[in-house]
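Copied over from Swiss-Prot, here are the features:
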MOD_RES   Ala2  N-acetylalanine
CROSSLNK  Lys90  SUMO2 cross-link
MOD_RES   Thr170  phosphothreonine
CROSSLNK  Lys296  SUMO2 cross-link
CROSSLNK  Lys364  SUMO2 cross-link
MOD_RES   Lys413  N6-acetyllysine
MOD_RES   Ser444  phosphoserine
REGION    458-709  region 'Disordered'
COMPBIAS  470-496  compositional bias 'Acidic residues'
MOD_RES   Ser471  phosphoserine
COMPBIAS  497-507  compositional bias 'Low complexity'
MOD_RES   Ser510  phosphoserine
COMPBIAS  515-533  compositional bias 'Basic residues'
COMPBIAS  534-546  compositional bias 'Basic and acidic residues'
MOD_RES   Lys542  N6-acetyllysine
DNA_BIND  547-615  DNA-binding region
COMPBIAS  577-624  compositional bias 'Basic and acidic residues'
COMPBIAS  625-634  compositional bias 'Basic residues'
COMPBIAS  643-659  compositional bias 'Low complexity'
MOD_RES   Ser659  phosphoserine
MOD_RES   Ser667  phosphoserine
MOD_RES   Ser668  phosphoserine
MOD_RES   Ser672  phosphoserine
MOD_RES   Ser673  phosphoserine
COMPBIAS  696-709  compositional bias 'Polar residues'
Amino acid sequence: MAETLEFNDIFQEVKGSMNDGRLRLSRQGIIFKNSKTGKVDNIQAGELTEGIWRRVALGHGLKLLTKNGHVYKYDGFRESEFEKLSDFFKTHYRLELMEKDLCVKGWNWGTVKFGGQLLSFDIGDQPVFEIPLSNVSQCTTGKNEVTLEFHQNDDAEVSLMEVRFYVPPTQEDGVDPVEAFAQNVLSKADVIQATGDAICIFRELQCLTPRGRYDIRIYPTFLHLHGKTFDYKIPYTTVLRLFLLPHKDQRQMFFVISLDPPIKQGQTRYHFLILLFSKDEDISLTLNMNEEEVEKRFEGRLTKNMSGSLYEMVSRVMKALVNRKITVPGNFQGHSGAQCITCSYKASSGLLYPLERGFIYVHKPPVHIRFDEISFVNFARGTTTTRSFDFEIETKQGTQYTFSSIEREEYGKLFDFVNAKKLNIKNRGLKEGINPGYDDYADSDEDQHDAYLERMKEEGKIREENANDSSDDSGEETDESFNPGEEEEDVAEEFDSNASASSSSNEGDSDREEKKRKQLKRAKMAKDRKSRKKSSEGKKGKDPNAPKRPMSAYMLWLNASREKIKSDHPGISITDLSKKAGEIWKGMSKEKKEEWDRKAEDARREYEKAMKEYEGGRGDSSKRDKSKKKKKVKAKLEKKSTPSRGSSSKSSSRQLSDSFKSKEFVSSDESSSGENKSKKKRRRSEDSDEEELASTPPSSEDSASGSDE
């Protein structure tokens, strides 16, 4: 027989909400840990009095009763697990795990039985439903009625608000069945009534959340916060954890009370009650109980008369009444010697405390993250201009918390702490490459060389120089944005001619070198622009006279049916119209679609016929264009063979016109294709006289005639 049994995905009903967790049975007892809150139910083996197995909504359930009247119910078991649990109970707890079915007759009359902290409504020997009396918040009586109201759980999608019982009168004298019923409920119910005197009162305590100053009255079963505007009554059963945290300035203390369910102020929910104390403030406290009652109730944890620091008195009383341990920071110590780290969360600055089993951030908004719910952490490096880093935590549920603006000096301490707690570090490979002193990270400020930043600065300078050069030399450059008949080779020829013209000028050696450097830059930029334009011109250069592609059957039908769809659905958007048309097309019968398929086939045949005619006419024109291009290239090669006379003619033509154009450039424009002639006919007729005067002086004509020979 196994010493322990463990079950995952077991559910516990808490005021209408099903919370999942893990159940572990051992020789010593039964432990259930809530996955959401981390709360642990620990049932000692000697306290168990009864175990019941029954069918419930989530499969099968286990109901446990203890000697002090507490009832624990866990659901989510499989039917096959009964034998294993039954044998375990017999062997280790010496209890018989009984099977008991619920009544499903649907009757609304029966017998009410009170057992421990449970109200059971039975029909015969079978229970119909059970009500934990600790969930009752109010009990009121009428003539023959008793009404129970319940505490609400914000996590429950559907909540039970109240139950009303009709109690018939009896013939017994002196016994009121309605009052007897109500007293049985109130004796075990969690009804918050400020009856009697408080055990003690703390006056005008500073509260950070909810903000204000409150008088705290300590009652046996609940805590009463009384402020100028709001009152809060907090049952001790809703307190999950207590934290006592020293402030970074070493002069103040935080006392944090974790609550589930939270207290509410309008639509705002407070999961944490945070009190702020000064270490220098002392108090003398006298409990409103005699010494015998104090000794019997608190067993030496409290005395009738106590004195000391205010924060010590509050924490000591709360620990005794709530019966929870107080969590304090562990052995973590930051760069400044404090047990916390200054950082920012969301829009507010606060303090992050690394604890032995989690992290807690105070104070706005307070956050508590347990180690067992952390998936991984990440050290996010800050920018090069800051001296800080970010600490990111992602939970197993996918929630991410980012604590930013942490001083870089805290990096080493925090990294060592996370490593010691064996938390998964997302960027571990990067961090293990850092030396133990973390000097490389610590020196990552604005003085460090950033190669990417330097490269961006250099590129910006080059762009600025090019912009200045283009504005200074605008008289020497031609319009590069309009060269429709020009190839990439023509760009190089144009700049070569400019280079020769500048070299023949009467400038110094340094000016010539500077001019060549600028011209090479411009040539490179022009080539880049040409390469970018080339891809776009491929799309823009589509012949408008070419036949259009045929439409598909769906598009033909859509164009014909568009107006009808609009009239059937007035105000429909384009997107919705397309979706609606797609739905109609899918729902059409095959016979109706065949009509549009035939139309699409006819359109395809017409397109193929038109394309053949178009390709035939285009082939003849392309042959003529190729022959003209060959003549153009031949003329350029011949011109290169006689550069001396050409250069002198260029220098003389430059004095006449700011924009230089050689004769072969003019002639190449004149010998362009028939398509370009029709577009540029009007422009050439206006500029022909100016080009003859400015671009072809007598010396240029002589050189051209010499090359033709």
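Placement of Cβ uses the backbone N, Cα and C atoms for every residue, glycine included.
These numbers come from a predicted model, not from an experiment.
The least crowded of the recorded positions Lys90, Lys296, Lys364, Lys413, judged by other CB atoms within 10 A of its own CB, is Lys296. Cα separation, Ala2 (N-acetylalanine) to Lys90 (SUMO2 cross-link), rounded: 13 Å. Here the DNA-binding region (547-615) has a mean pLDDT of 86 out of 100. Around the Cβ of Thr170 (phosphothreonine), the same chain contributes Pro177, each under 8 angstroms and 6 or more positions distant in sequence. When Cα-Cα distances from Lys413 (N6-acetyllysine) are compared across the recorded sites Lys90, Lys296, Lys364, the shortest belongs to Lys364.
Here Lys90 (SUMO2 cross-link) is positioned 52 angstrom away from Lys364 (SUMO2 cross-link), judged by their C-alpha atoms. Across the structure, Lys90 (SUMO2 cross-link) and Lys296 (SUMO2 cross-link) place their CA atoms 36 angstrom apart.
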